[in-house]
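Enquirer: Take this structure first; my questions come after.
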Amino acid sequence: MGVQIGELVPRKEIELNNLYGRKVAVDAFNAIYQFLSTIRQRDGTPLMDSKGRITSHLSGLFYRNINLMENGIKLAYVFDGKPPAFKKREIEKRREVREEAEEKWYEALEKGDLEEAKKYAMRATRVNEALINDAKKLLELMGIPVVQAPSEGEAQAAYMAARGEVYASASQDYDSLLFGAPRLVRNVTITGRRKLPGKNVYVEVRPELIVLEEVLKELGVDREKLVELGILVGTDYNPGGIKGIGPKKALAIVKREKDPLKKYQRESEVDLYAIKEFFLNPPVTDEYELRWSEPDEEGILRFLCDEHDFSEERVKNGLERLKKAVKVGKQATLESWFGRR
DNA sequence: CGAACCCA
DNA sequence: TGGGTTCGG
């Protein structure tokens, strides 16, 4: 879900090769969630191994990582830690939405309405510990660094970008901007075809770059005001924001008022100031290492094919590409060291 | 979502 | 060759 500031944010389309030789911190939860919700059969059932364990995210991660690595992009995945206490309400709300969607999924299946079934199946997507652990395992086998955030992954990714350890944070949500990421990349995919939530319509989605400095300049605010703006329109910590206030009004308010939250704190159940403080100073850690290593081919074969019933032919194909991609990555790193780009 | 397949 | 369709697990 994330903070609802998308329509205010200036962006520029980029090509994947604009990221050549660059390190990118991916919000792991965001990526995994996307794979789990989209990689499904026609009736909405996710891909599963013979023991019924979900594998959609493994398929998505495996092939997308190869593609991005072939483009000389150095990926690191940042996993969520403990959510802040004031996220409870949103977590609860999401659970209710999922459970309701799950029921409608089964109802649609009984009626034989596949399209409807898939729609609700996607909405019923849930990410559990086992899925996260499998994702971490695959990434490690692929030689991709895994970073464990103390709290929100977006915050940790933003911190790494702000320190210059990675070029950008990658997520579909805009939260990392509020957390202070100087750059955010969205739609980092190869095919760039995405189904619109409602209809059976596909739109071209190209990778895009959002530069925090340009956002602030365009809106005429500083980061603190941007955070307040986000809180007025709604974040994961106060879903829905303030009733009756959309992006435009919110922008006007934060530019006009010295303390825009004051007036709305009264009508809000959650502590808006705590949310603001969290965005400005989130828990982050320096205890991580961005070290890219050789993929463990045997390990990947065992994990994907033996344990999770992936086709050996397909995975071996992938491994061949992966090996070459690692070389591309090394070359890309060298070129960036010697300042050729 | 992305790979593989298919047919013009 | 490439755009649409189906499969993958």
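The backbone N, Cα and C atoms fix where each Cβ goes, and this holds for glycine too.
Curation plays no part in TrEMBL annotations; they are all automatic predictions.
So TrEMBL has the following annotated:
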- A:1-101: domain 'XPG N-terminal' (DOMAIN)
- A:1-98: region 'N-domain' (REGION)
- A:D27, A:D80, A:E152, A:E154: Mg(2+) 1 binding site (BINDING)
- A:140-221: domain 'XPG-I' (DOMAIN)
- A:D173, A:D175, A:D236: Mg(2+) 2 binding site (BINDING)
- A:330-338: region 'Interaction with PCNA' (REGION)
Enquirer: Anything within 10 Å of A:D173 (Mg(2+) 2 binding site)? Look among the binding-site residues A:D27, A:D80, A:E152, A:E154, comparing CA atoms, and list what you find.
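Expert: The binding-site residues close to A:D173 (Mg(2+) 2 binding site) (Cα within 10 Å), listed in sequence order, are A:D27, A:E154.
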Enquirer: Ranking the binding-site residues A:D175, A:D236 by other Cβ atoms within 10 Å, which is at the bottom?
Expert: A:D236
Enquirer: Tell me the coarse DSSP state (helix, strand, coil) of A:D27 (Mg(2+) 1 binding site).
Expert: strand
Enquirer: Compute the C-alpha separation of A:D175 (Mg(2+) 2 binding site) from A:D27 (Mg(2+) 1 binding site), stating it in Å without decimals.
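Expert: The separation of the Cα atoms works out to 11 Å.
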Enquirer: Please work out which residue of A:E152, A:E154, A:D173 has the most C-beta neighbours within 10 angstroms of its C-beta, and give that one of the binding-site residues.
Expert: A:E154
Enquirer: Hey, which of the binding-site residues A:D27, A:D80 is the loneliest by Cβ count within 10 Å?
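Expert: Per-residue Cβ counts within 10 Å for the binding-site residues A:D27, A:D80 bottom out at A:D80.
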Enquirer: Between the Cα atoms of A:D27 (Mg(2+) 1 binding site) and A:D236 (Mg(2+) 2 binding site), what distance do you get, rounded to the nearest Å?
Expert: 15
Enquirer: Could you break down the residues of the domain 'XPG-I' (A:140-221) into DSSP helix, strand and coil, giving a count for each?
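Expert: Summed by class, the stretch gives 24 helix, 20 strand, 38 coil.
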Enquirer: Quick one: which residues besides A:D27, A:D80, A:E152, A:E154 have a Cβ within 8 Å of the Mg(2+) 1 site's Cβ centroid, in sequence order?
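Expert: So the extra residues in range turn out to be A:A28, A:F29, A:N30, A:V78, A:A149, A:S151, A:G153, A:A155, A:Q156, A:A157, A:S171, A:D175, A:S176.
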Enquirer: Can you work out the mean pLDDT of the predicted model over the domain 'XPG N-terminal' (A:1-101)?
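Expert: Mean pLDDT across the domain 'XPG N-terminal' (A:1-101) comes out at 97.
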Enquirer: Going by DSSP, how much of the region 'Interaction with PCNA' (A:330-338) is helix, how much is strand and how much is coil, in residues?
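Expert: Reading the DSSP string over the region 'Interaction with PCNA' (A:330-338) gives 8 helix, 0 strand, 1 coil.
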